[in-house]
């Protein structure tokens, strides 16, 4: 039957009785429709059934969000800014289309949509907390405390001064007095999930400022939540001491359950999971159920129910396998569907058509506008002053202050919850939403202008092999490892790099691990750990292997191992930063494809390929991509003796250019080892091309000639060194030569020669499958040649 009800609670706040409205709803509610062909004469039949309407709303929101951000990101808008703007556009008056909009987003359907998104918000807070490493957060650095604590204390103190000094005589209702402390906390809060989303979107999560901002935001967030809980409990105690005591006891009980029951239970789940295996789906379902149940438990504490999933999330051990599995299964649904729709529906409640000058004459609204301005301003100033006190440059101090002071989804949802409880009116809610929109739009744009972590990689000094003095300078290598299979390949390459007492080899081994279920990245220097193989080590086998390599080559090799746990999208910054700090001359990257013993492709990891591309573009030194085919395995590093029982055959393909010069410089070092046989094959253009270009011979050509001349004078005469020249008219002849000689060598070294054109490679770019290897490297690594020789593709340092 039809039941007419007054739905004032759903339509407007109680503080605005003049905006009361009446609507009709069906009771009992119709969930499922009776089909497409039942009411053909009624064009709005589907609006009367909640499930088809919800599905339609989700489809419209998803498509609108994608198109809105695709358009607005061209103008520098962040994701949350696009979502808020879309909500504002839907919520404003559509004139003659208002009736259609009210049917599409009716009162009943909004309640269902909000219920669904609030469910997603609970999971969002749970996942955000599950990614936090509580143990490391407790041991946070001094700078994080110096920046994080003032960022929350200073706004609260200034807000208290503004409230008491300027608005002490303002008459407030009982509800407004109860809501004011909560709103003051929201105005000055720093939300860790918001800061984590910002640094992730800006791809600075593993930069120095990104790490500091995350740790400072975490300190500020936890400190602010504790203050708000304490203030809330004090107010409740004044009104009803017995009830407040019971609620405080329930809150403490929830914390104790999280620490002494839930966390040990999850550690037991991890112990039951074999290493490298996924967590049993039954355990995952149980954890998600308990996360949702925690909202019910939190309701007994007198706090907002959403604090329950956050506390429960902190009990989840971060990283693999439990937190990473939860993130893999829930992250996309929560972050890419529920949260954008939630932000849009929060902004949808703003209707500018009902805003006038009289709306802001309310004393409570004017007070909160002043408090917002004071909180935002003093938070920014405090962040700059604290950062400068920590001896950061002024631009970096501005960047940290902007990041820590950013506002986003958590603040917007918090204001919406207060509005739903009639704590604020429509005018103040509009002000808060617009303030969040402005900050969320300007902060990312300002941070992009102020801070670019790749600038520090720009090289103004020569950090390559070619400019090293072979008789005195040690070669510093940074070798990256993704999985244990890369260990043997890197060891084989280091074996032929000829470490000697005169020219020792310094190797920095960098184990790169994709960030699994963790917000803050981890960087570990295993030399600085008392026990490198403790429970926190991710790289035990790698450390053992290279420690043994260092002992076998005592006095000529120094090895230092590092581990980075970070997102793949910004992992190249970790590599470039370490190479810069360690003054490396060469970064060695494993190729993204590995082969079986039979020559078939074993693994093809596109994330590694993207990482290699980014390092090639931004590296502060030379880069080598190593394609291992296993043929170097028979060459072992041995203690020097008079009898050499094995040898390694190396070939350098020289066409010309700085990358080829880097390749021949590396090969010259290898030939110092009497177990290495070296062949340099120079591919020259036909005589007519050379004669025609003699008059316009470039500086690069002259340098090529000097490098080859130097190689001949220093290396030829040894029976282990061979120099050959071949004339190639085009890429077809070059390919024919490479096919003929590829299987004669264990290792082939080529230059990448990116962007260089020459007759010797003409036509090869038409079927270039791996541009990161260059034309010749791509040809040798392709299945057409099917060689067993390993390949090293060199790119000399790019001076920017």
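Note: Cβ is positioned from N, Cα and C throughout, glycine not excepted.
TrEMBL does not curate its annotations; it predicts them automatically.
Between the stretches 31-49, 50-68, 69-87, TrEMBL puts its transmembrane segment entry on 50-68.
Of the candidate ranges 283-312, 313-342, TrEMBL annotates residues 283-312 with the feature transmembrane segment. Per-residue confidence over the domain 'Cation/H(+) antiporter C-terminal' (647-797) averages out at a pLDDT of 82.
Touching of the transmembrane segment (182-200) and the transmembrane segment (283-312) is ruled out by the presence of fewer than three CB pairs under 8 A, sequence neighbours closer than 6 excluded.
Using a cut-off of 8 Å between Cβ atoms, the transmembrane segment (112-132) and the transmembrane segment (244-262) share fewer than three residue pairs, counting only pairs 6 or more apart in sequence. Within the same chain, residues 229, 233, 236-237, 290, 294, 297-298, 300-303, 308, 311-312, 314-315 sit at least 6 positions outside the transmembrane segment (244-262) and bring their C-beta atoms closer than 8 Å to a C-beta of that stretch. Cβ atoms under 8 Å from those of the transmembrane segment (212-232) belong to residues 132, 137, 140-141, 143-145, 147-149, 151-153, 156, 181-182, 185, 188-192, 194-196, 199, 205, 251, 302-303, 307, 400, 403-404, 519-520 of the same chain, restricted to positions at least 6 beyond its ends. Tertiary neighbourhood of the transmembrane segment (427-447): same-chain residues 76-78, 80-81, 84-85, 88, 198, 201-202, 204, 346-347, 349-350, 352, 355, 359-360, 362, 364-365, 368-369, 372, 376, 398-399, 402-403, 405-408, 411-412, 415-416, 419, selected by CB-CB distance under 8 Å and a gap of 6+ residues from either end. Secondary structure of the domain 'Cation/H(+) antiporter central' (506-633) per DSSP (helix as H, G, I; strand as E, B; remaining residues coil): 46 helix, 41 strand, 41 coil.
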